[in-house]
Amino acid sequence: MAIVIDKSQRWRVLLAHLFLIALCALVLFPVLMTVSISLRPGNFATGSLIPKEISLEHWRFALGLPVTNADGRVIIPDLPVLRWLWNSVKVASLSAAVAVLLSTTAAYAFSRMKFAGKKAALVGLMLMQMFPTILALIAIHSIFSRLGHTFPLVGIDSPWALVLAYSGGIALHIWTIKGFYETIPGEIEEAATVDGATPWQAFWRVLLPMALPILMVVFLLAFIGAVNEYPVASVLLRSQDQLTMAAGMKQFLYAQKYLWGDFAAAAILSGLPISIVFILVQRWMISGLTSGANKG
Amino acid sequence: MANLQFKALRKSFGDLEILHGIDLEIQDGEFIVFVGPSGCGKSTLLRCIAGLEEISSGELAIGGQPMNEVPPSKRGIAMVFQSYALYPHMTVAENMAFGLKLAGHSKGEIKAAVQKAAEILQIESLLDRRPKALSGGQRQRVAIGRAIVRKPGVFLFDEPLSNLDAGLRVQMRVELARLHKDLATTMVYVTHDQVEAMTLADRIVVINQGQIEQVGAPLELYHHPANRFVAGFIGSPKMNFLPCTLESATEAGARVRLEDGTVIVAGADARGLAEGTALTLGIRPERLLAETEAGEGTARTTVIVSEHLGDTVFLYVQSPGSTGQLTVKAKPENPLRTDDVTYLRFPTKHCLLFGPDSRTLPRLS
């Protein structure tokens, strides 16, 4: 590692550090600001980054605990923030699991099997996913509205409808996983085939364990996507206790009053499941699972 | 234990035909090596045996049973891949046990089989390791071990040594030969390295452009190549080829004129050919003599480069009368050095002649 360094290099290193510090500040500022807003009394979006006075009223509100006002009145929070959080976690985990299940198998077919129209199907999937969700919003609404007449479980205002809607958006995941599969030499599966494995066994016992890191990445991406998703959730869900966090938080901001403090506290809460899932998942996101199979 | 039969086996990928009708019979317990240049179809042929490629037409039988429609797992074969293709998420023991586990053998049986294979290959101490923690040679042993535990009727090797360094390759070559002796199982081995082919094979199958050029024991191929391709492919350094024209042919030999006008006698029967026919003279580097004095039937030329290897000298000399280059494998006491003038002698009985169709003319003994 001890490469001889030119003197001018030091200035460049210094500049690079300054640039990176500035970048970190830029990225961290909104997060810190949100924390600050959630901790200061009153509902003000502007103000100094370090609150002059710390108040936990917004956090108590977000967690559903009674809040005592300045004039001594006790307010019972009227918005089920924790319930929304739970809805978000439920919908996101389920839809991410379904997305992983569907996209790994679909990607296997696209990467390893020969069938007519493979290329067209792949490109088609990609193209369809390129249109923004907003374009299909009306269609999605009417589909689930009609579905709900026959199967109330997946009708409007049901979290299952949301899971179903989110599980459809896997084109990108298929491409991601397919790309990963293609880095795994086909000879390993051929060896399994010669060893007596059926295509399913070769997939399940040989290919999938090697693809674990990418499956975790896809799960995480799908999870984050579902937690953050607003348009479809806001159209498919109506009653207050069915809402996800993203859709529900809109209720802090009505025309007469913007409850920025409560909003900020809820926003931080909604980041929690993502962080937890990331921490859980990252131990699987290790590289080098395939190393050793080949000459190396 | 099984013999193999190929009948007019063809394989095409789309419009591209890779194998143009392979007819071959492999005896039970034989060590057969498919050898040929890159892209000649030898690996494809092996994959057809394994069932990893469908056979386009013709027939493949293993142990007398037609195998065209039988899936790989039911063919009684085991394969060792060029890249080893170990399962990276399993330990060495699990890698070797995988096939038996799928076949539903009991734990005790599997353990015994793995243990035995590990002993044969001397990898007992590695059983709990992952492939990642093994060296190239050890990985190769595991790949072979994975094949052994299944007790197949036929072993298939797809260039198994080409990823190893030179020293290890020699060592593994010896071990493979020993393994074949111990197991006495049919082995089909693909390589582009003719040294591996010469040392390992009971019989060599030389393949070129999807066709079998010649089948025979290593020395038979070396001394009696059927055509110019086999003559050039078997042997290292390569056989020397010189263009020549036929002067006259008798039962004693064929008089041919080299491009520089030298007339030499080759021990081949060219009596069926017309005078003036363009032929190719072939002579192995260890048979071609580079002398310092002119004599009868010698061709004058110069040494381009001489390489002294201690026990031998390789002289690269100008091909008489043409721009080509010939190799002479000489004794260490040969005094010729770079840029020296030399006189090449072509001993009659070591000169092969190849006809206009590249076939070897019959040799006179």
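Each Cβ is built from the backbone N, Cα and C atoms, and glycine gets one as well.
Noted in TrEMBL for the protein shown:
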{"type": "TRANSMEM", "residues": "A:12-33", "note": "transmembrane segment"}
{"type": "DOMAIN", "residues": "A:85-281", "note": "domain 'ABC transmembrane type-1'"}
{"type": "TRANSMEM", "residues": "A:91-110", "note": "transmembrane segment"}
{"type": "TRANSMEM", "residues": "A:122-140", "note": "transmembrane segment"}
{"type": "TRANSMEM", "residues": "A:160-181", "note": "transmembrane segment"}
{"type": "TRANSMEM", "residues": "A:202-227", "note": "transmembrane segment"}
{"type": "TRANSMEM", "residues": "A:258-281", "note": "transmembrane segment"}
*By Cβ distance under 8 Å, which residues at least 6 away from the ends of the transmembrane segment (A:12-33) in the same chain are close to it?*
49
_Counting only residues 6 or more past its boundaries, what in the same chain has a CB within less than 8 Å of a CB in the transmembrane segment (A:91-110)?_
118, 121-122, 159, 162-163, 166-167, 169-170, 173-178, 181, 203, 207-208, 211, 215, 218-220, 222-224, 226-227, 244, 273, 277
*Within-chain partners of the transmembrane segment (A:258-281) [C-beta distance under 8 Å, separation at least 6 from its ends]*: 34-35, 37-38, 40-45, 57-59, 61-62, 79, 81-82, 84-85, 88-89, 92-93, 216, 219-220, 223-224, 227, 245-246, 248-249, 252
